[in-house]
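One structure is given here, and the rest of the page talks about it.
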């Protein structure tokens, strides 16, 4: 519990915005269980809204600013993510879910427009422009992937009037996030990955991580309503690195077994011998340093960050105080311990490389880890390609507080949920946990399903939500080239409404993993065969019936005996020729 | 040879009891059957009807979505019933009663004897016939009818309306005929194509009853107008109920344009999955024109036997409409026994019944191989639907040949039992 409190405190410290300088950056390192390391990068640049409107960009990137102004976007949130946050082992998400996405790309924005149609056309402009800026397939967010959430999102920024702001939300769960998305992301930073903590970001390590998410958030912030407004751009990168995996040298990445002397063996096993070993879990924290883990060295502080005060401390590590940390640098640096002792922050030297070295160490106190407010898992039940049911299991670990949350589902049109089959079940309570439902059904090829539920899960209980769905079969041109891989259904977004509240307006979120739907597939190789065979059957029916209808039945002996086939045709021709010849003779 | 009351009561009680017994003894069977693509199409599925009801009772327009494609007036009627998932008995009773009423209508058609002898034509073989009881039993105990009833697909309602329209037309009851035929057309659109032959049947029946009937032209105009008014009233009532005309696109638009390509026993779904996008609209037009072309052709050629034309058209619907199901085939196959006098003239009964049986056994198996086992592909089920359609179209063609041959025997009795040729 104590570690949890200190954890809360340190997060509050980091989250606390300080309006001194216009550019802030901070890297928080937190060792997690099973030899993993969370690295949470945060970059924030401010631009006064007056200069922003005048297109006089200083720290705010011009490329992004112009796109936002062109599309009349007042607030923007963009997520690129790969992997799954393992809440059971890793605990609370670093930004309480407010900056972490789930697999693929997720984008939502508040767009200023007078009508819904205008908002949608501006949204299309926005996604197409961002698609070019981030080298991502964001342009595939069309009407079928766009929804307008009702209770799951609130604006984070201060908006003068919210009446003509439209929230639009789109996801691309199948988008593969990779290094071509990181490069434009780093280019938006004032130090462009050349100095400061961003110099640690390397595509090879970032996209090799067990979980990684990149977020871009733009919002207007006002000191007092309508005055002294700034446009704040926040970029965050969170990654969970497997330390052993990251330490493998790039030119020799194949894992090899440790020599037996380095393995801790279970000597109680009967087969234990000098050459046989049952390895025990290591009870020591692994040794690592920044250069090894990130594959790049930290090139000192970014000169644009504050030089004094807590904002100048751009590298923090969140470990129990007993953990030994050595600093390896040639420049000037300062180290400060926070009151709770579990957070050590460093002010980086400018122009000199900086490295933290943590030796292998046996620890007596546990790692710093926050308990999530909810655990959520979503899966598909049933077999076959025709139908199935979705099951969402949400667990409330708190023993005292019921948790109220909003559950947002944005499903592709070819996955057709049956709302009458929704069952919400909490075994420990008789009260109906389903408080409110917003539902907009899908229309084939026009829009997807939008389902939002407000639910309450009682303390120390598990809520199970299930509903049936049917999978549509598509036209053969609508399948992607890898049709048998299946289609992705976007992750569900869970927003905690109460009693927990976030310190700022970011909100508390959870995202489930996406679902993989295997749809029935036609045979892609035979459109011609199908057209021919079906037409043959229809022609047989039609020909047979109309042949009977338009012809007359007569006795078989009444018909002149004319041999059919080729012989008949030839005989007929000969008769015709003879007739012609005969006529000719007559006229002569 | 009218159905005597005792026999009829026993037959109906037996059929009703069998259905209720099946519903009670196998509580999971109705839902399992409702999930079969052979029985439930997107325009008749009971699960989709339930979804529509749920949305309707929760004030969400069921037509602002891609799931519910059935008629709007079903919603307030069926919302009176208790929920099918909690109290299935009411729904089961409803569908049992619908089946019994359809059988009753079929019995009435058989009782009028218009299958073999009409005003303008009397078959020379009219003595060869089955009793009404046998025909009704054939409908009530046909495995196809039973499966369709258990699946609770709304095709059962369409079938009831079609059979009642036929019965009323053969009895010469104009108003009821117009009402039920417009209800059938309102529910499934294609029964509208039955209007010309049934109008001819009605005219014949009226003329039989009273010798001073109106002129054919006045009669046609009057009844066409009546049908338009009845259909229009149903549509306006639906629009008032749902508050907009959106339902037209979601119900008839779906039947016309086929956006939902869920597999069924018909010929359209796979054809339009594989169709090239630029030709889709053209072939939709061609296919609908093809379905519609049978009505004038058959009605004109077989003007003297309008009931046979109507029955043949139900067969055509079971093969060539966009969303046919086994329930449609069940309707056609139970109308065939009315024409028992044509059986001796049919030539391919073995081939046709063998292919229908073959398709009914292999269809579910091949669908399983494709969708569940993954060891077959879509072509397996597609091939079976081809066989099914071919089998039914052989029956249609063969019975048509038999009807024409029967007609020839009356026109030229000297050709009876002799070999004939088509010229």
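Using N, Cα and C of the backbone, Cβ positions are placed for all residues, glycine too.
Range B:177-203 is the one annotated as transmembrane segment, of B:177-203, B:258-284 (source: TrEMBL).
Record note: among B:150-168, B:302-320, B:302-320 is the stretch given as transmembrane segment by TrEMBL.
In TrEMBL, the transmembrane segment annotation falls on B:379-404 of the listed ranges B:119-144, B:379-404.
Within the same chain, the transmembrane segment (B:224-247) stays apart from the transmembrane segment (B:302-320): fewer than three Cβ pairs sit under 8 Å, each pair at least 6 residues apart.
Of the two recorded stretches, the transmembrane segment (B:379-404) does not lie close to the transmembrane segment (B:177-203), with fewer than three CB pairs under 8 Å once pairs fewer than 6 apart in sequence are set aside. Using a Cβ-Cβ cut-off under 8 Å and counting only residues 6 or more beyond its ends in the same chain, the transmembrane segment (B:350-373) has close neighbours at 36-38, 144, 263, 265, 326, 329, 380-381, 383-385, 387-388, 390-392, 394-395, 398.
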